[in-house]
Amino acid sequence: MPKFQVSLSYSSSKLTSLCHILSVNPFWTRILYFVFLSLLGFWGLNVLEPRTDSFKPRKFDLFFTSVSATTVSSMSTVEMEILSNPQLIIMTILMFIGGEVFTSMAGLFLSNFISEKNNVIDDGEIELGNPKPENLNPEQLAQNKGETFNNGEHLLYHSIMFLGFVILGYLLIVNILGSATVFLYISFVSSARSTLKSKGLNLFTFSIFTTISSFTNCGFIPTNENMVVFNKNSGLLLVIIALALLGNPLFPMCLRFSIWVMGKCVSKVGDYCDYLLKNTREIGFHHLFTTRRSCCVVGTALVFVVVQAVLFFAMEWNSASLKELNPFERTIGVLFQSVNTSQAGETIVNLPAMSTVILVVITITMYFPPYTSIPFVKDEKKEQQNQENREGKTAKELLSQLASICVFVFLICITERKNMKEDPFNFTPFNFLFEVVSAYGNVGYSLGYSCKLRLKDEANCVDKSYGFVGRWSDAGKTVLIVVMMLGRLKRYNMVWKFS
């Protein structure tokens, strides 16, 4: 195949600038990505018609919903059953491409692309019409691109590319199997099928929507009551529990296991798998942990679930939300609720009716970032090397994030000061704090709004199934949009430092 050499002048400088921007500050790259997706999703939701002709959501609420789906936060200002089937499909796409697994995979491919372009630019020429890198051996790759890669650099490049395809396979397999399982369960269980039929929801759309929402840890469900209407369908709850865990705390361990299995079963990628498993620090991928840390993440998640489950059993076993369930259904329901508090944010109980102690525990749990880990097993050598830096960094991050949440609560108290004066039992500081922590943690829980708590009895006040933020002013909703965006990117620690 002939080679065509293109001299780099103005076009190369633009490519260099683009690669520099994308690689230097990942925070701005990703926030632009989420803003673009939110605007695109808003356009799609606005163009499509809702299910009911009598009521059409405000454009600002549709934009809020689009942001909430893109950032996998599931904070709601509209009732879900108002949305039509095409609008639910738009939200499904937003959750899928806004989820952490997808964006991390896309980030891997983008970083490899930038690395490749930077190497070509540094050499001073671009060659077109060459075979793809994966079809070349190291010597051909170096010869055709004028690169000076040694075997280690070549192995790093292709190992990262292979890692991206492993994540893609994991993403597709889990979501396809999950959707099929939900579809089959509802098809064969009459109670679940009749619930879906009574609400006029498409079974195929519901299965895919619920699977993706659970796997991405978003928490949206196409029903107004979330999963409350399925609280007796223990099999469905167990499937959703598995999806929520596979999409968050179990992802690093499952990723390592998948790489290990590929290395054992496919000899051609054995070198890549060994490199990935032994050089997690050099790879620098946020979700590829050592075996020790993967176990610590899973162990910590298990501790959170057990602590919450014990509290639920002790304080909510005979609550109104669970009293109609038999002991087995209650146990599964408590497990479902305990897992979702720090994961997907789906619920089978009426949160405002729960005890204050449980609500405080839920607030604390939602505050902890993903992959919070307790060092169950100590590596004394590494602990001694990193102790000083880690302690200072961890304290700074936790205090800075807590300070950010306090600032946002303060701003919302300002925007909603009129409502706080006229409706003090609904618009309380704790309700604001709960909503902000839920949005910042991208969980999606809300204490809602009750017309019974109003000081002035108004005949036109109707309880709605959307979140507490749905009763806020547009200024307050705007603040929460910012909270959801920054919460989605909190691992970059940019809430307080934008330089």
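The backbone N, Cα and C atoms fix where each Cβ goes, and this holds for glycine too.
What TrEMBL lists as transmembrane segment is 31-48, 88-110, 160-188, 200-222, 234-255, 295-315, 357-377, 398-417, 429-448.
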* In terms of Cβ proximity under 8 Å, which residues at least six beyond the ends of the transmembrane segment (429-448) contact it? -> 68, 71-76, 217-220, 341-345, 347, 351-352, 359, 362-363, 366-369, 401, 404-405, 408-409, 412-413, 416, 463, 465-469, 480, 483-484, 486-488, 490
* **Other parts of the chain folded back onto the transmembrane segment (88-110), taken as Cβ under 8 Å at six or more residues beyond its ends** => 22, 26, 30, 33-34, 37-38, 41, 44-45, 48, 65-66, 69-72, 160-161, 163-164, 167-168, 170-171, 175, 205, 208-209, 212-213, 215-218, 220, 222, 247-248, 251, 285-287, 370, 488
* Check the transmembrane segment (160-188) against each of 31-48, 200-222, 234-255 and return whichever range has the most CB pairs under 8 Å. => 200-222
* Structure fact -> Top stretch by Cβ pairs under 8 Å to the transmembrane segment (200-222) (candidates 31-48, 234-255, 398-417) is 234-255
* Spell out yes or no: are there three or more C-beta pairs under 8 angstroms between the transmembrane segment (295-315) and the transmembrane segment (398-417), with each pair 6 or more apart in sequence? => no
